[in-house]
Amino acid sequence: MAAEEGPTVELRQRKKLKSSENKESVKEEKISDTPVPERAPKHVLFQRFAKIFIGCLAAVTSGMMYALYLSAYHERKFWFSNRQELEREITFQGDSAIYYSYYKDMLKAPSFERGVYELTHNNKTVSLKTINAVQQMSLYPELIASVLYQATGSNEIIEPVYFYIGIVFGLQGIYVTALFVTSWLMSGTWLAGMLTVAWFIINRVDTTRIEYSIPLRENWALPYFACQIAALTGYLKSNLNTYGERFCYLLMSASTYTFMMMWEYSHYLLFLQAISLFLLDSFSLQQSDKVHEVYKIYIFSLFLGYLLQFENSALLVSPLLSLVVALMLAKCLQLNVKKGTFIAKIMKVINFYLVCTLTVTLNIIMKMFVPHKENGHMLKFLEVKFGLNMTKNFTMNWLLCQESLQAPSQDFFLRLTQSSLLPFYILVLIICFLSMMQVIFRRINGKSLKEAITLEDGRIGGRPEIIYHVIHTILLGSLAMVIEGLKYLWTPYVCMLAAFGVCSPELWMTLFKWLRLRTVHPVLLALILSMAVPTIIGLSLWKEFFPRLMTELMELQEFYDPDTVELMTWIKRQAPVAAVFAGSPQLMGAIKLCTGWMVTSLPLYNDDDLLKRNENVVCEEGDKLTYSKYGRFCHEVKINYSPYVNYFTRVYWNRSYFVYKINTVISFQS
């Protein structure tokens, strides 16, 4: 066969071809010149198989153990199995209560189709308002859970609440398994995966909110995003074979779309990922064709999500779509010039400017022609948060007061330092970032670099998947420094990147290359440190934190909230069927779940109308956030001589709650 390919290559060299044909001929020449690799000996194949088998077993075991740990901790914390149904439901707070209430509604429906119809035309939740709850609250997890519960016959085996939280805990197991695999792919050793899981669990206060709010959208969505990142990491690797590349591509496609369906804010996170890939491509760090294949996945997921999410206009006006379309257009306009030349550098700058300009222009055009209301308050909030605008708007200032939307406290950094996570993360990030900049400058100056990077090269910044993760973690970290709630996106990344670095011989070899270490063979020392450092870290973490974890599992706690139980019991027994309740958004979610009564507002931040209703409960139209001559309503209404007694009658009270009925006939009292 090689004898027949030789003349073909020679003819193509003589023939004048177009640029695209020339590229194909060069690729074919490279393929023909590449020597056929010899088959590895049997003992080497056995070692590889054993390494992969043990790593996969460790990854799956880690995920299962974490899921079992969450289940046991949840049982101990709430004494869940010994509670009545009402007391169990009270443990779902705020927006978590809303999500679980719709899961209950689906199970009560006579059929799945009827249940979906009632949710998409829901007029039993918010008074005087019909909403599409599936679209507005991203209730696809509840739809899937209700189908699985009934289709698998689980209603005869397990209670609905256990089935629901069991699925979420199982997804969290997949979450840590995906982080394990990502760190393993980057470092080449499953020891990095074990260290990732250890750091994730020890710092779980800052890595996940699963302990406090089980049904949150992020708890359903982030496991799929972790799977997407793992697949993307494998896909960007230079030494991946064809079958592995196809598997990673399919997994990435499926997980990207699922992630977008599970969380209404997913396209913003994918936008940051697209920026990271764009910078990776702009620096000419190889894998340009693969990066553009990922862009196609974004477009496919966006339009499929738009169709299946009841023509969700938020996806059409998302910055992700504008950026990807701009990148595709810039790719078509890009000229082929020799790398390293002055013209090539100018073209890079022009291409970068073109993409940024097109992205902003396309996004403005889409917002002009596509009707949309979704997440408009988010842009206003970000403007106020970053000091770009000042406002006395109640909703904006109320959002600024939310703990999750403030800057992280010093305790957050102290906790990460005490577990040794933050120091090693900073070390790994600095080495990878400097190595990345070194490679970029060499490429800009036109210096040729080996495509196949070996351990002796000490050039960890030349690997595309490493560069992507460095850029992505910097973007996420920058946002987490401003908004504390985003730490749940960044801290798992910190666990994975720090574990990869200390377990990677390439990282230590890169450091030794800079230090010009000559007293000890640098390759040998790098291999020793990549095993010794994580082992020492693991032993210290085991000694300090493992007893604490065991103590948490052995300690039997009790969720005690009798006032809320009494309130819900009174509503179910004595409140009129047509009653509508108004109050704090957090309490409204619990009332909707535990009693089924209608409320005036919900604890959701993604709907302008609901936010306005929350404002109207405590602030009248036109009021400013200044001193008022009137006292607070909640305080004044409890006073007998208050003028409010003419309009309200107290019908129930306990130590924590007061319920007032609006008088149909106003009686003025002296």
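Yeah, the Cβs are placed from backbone N, Cα and C, and that goes for glycine too.
Database features, via TrEMBL:
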COMPBIAS  18-32  compositional bias 'Basic and acidic residues'
REGION    1-35  region 'Disordered'
TRANSMEM  52-73  transmembrane segment
TRANSMEM  161-178  transmembrane segment
TRANSMEM  184-202  transmembrane segment
TRANSMEM  269-285  transmembrane segment
TRANSMEM  316-337  transmembrane segment
TRANSMEM  349-370  transmembrane segment
TRANSMEM  422-441  transmembrane segment
TRANSMEM  466-483  transmembrane segment
TRANSMEM  489-511  transmembrane segment
TRANSMEM  523-542  transmembrane segment
Discussion item. Please report, as numbers and ranges, the same-chain residues at least 6 past the borders of the transmembrane segment (161-178) whose CB is under 8 Å from any CB of it.
Written reply: 59-60, 62-64, 66-67, 70-71, 74, 85, 88-89, 100, 103, 145, 148-149, 154, 196-197, 200-201, 208, 210, 214-215, 219-220, 222-223, 226-227, 229-230, 492
Discussion item. So if I exclude everything within five residues of the ends of the transmembrane segment (316-337), which remaining residues of that chain have a CB under 8 angstroms from its CBs? That is, six or more out.
Written reply: 19, 267-268, 270-271, 274-275, 278, 292, 295, 298-299, 302, 306, 343-344, 347, 351, 354-355, 358-360, 362-363, 366-367, 370, 372
Item to complete: Answer with yes or no whether the transmembrane segment (269-285) touches the transmembrane segment (466-483) by the criterion of at least three Cβ pairs under 8 A, sequence separation 6 or more.
Response: yes
Worksheet item: Can you name the far-off residues of the same chain, 6+ from the ends of the transmembrane segment (184-202), with a Cβ under 8 Å from a Cβ of it?
Response: 51, 54-55, 58-59, 62, 66, 69, 176, 230, 233-234, 237, 419, 421, 465-466, 469, 492, 494-496, 498-505, 530-531, 534-535, 537-538, 541, 545, 549
Discussion item. I'm a bit unsure how to read this: which one of 52-73, 269-285, 349-370 has the highest number of Cβ pairs shorter than 8 Å with the transmembrane segment (422-441)?
Written reply: 269-285
Worksheet item: Of the stretches 52-73, 269-285, 349-370, 489-511, which racks up the most C-beta pairs under 8 Å with the transmembrane segment (523-542)?
Response: 489-511
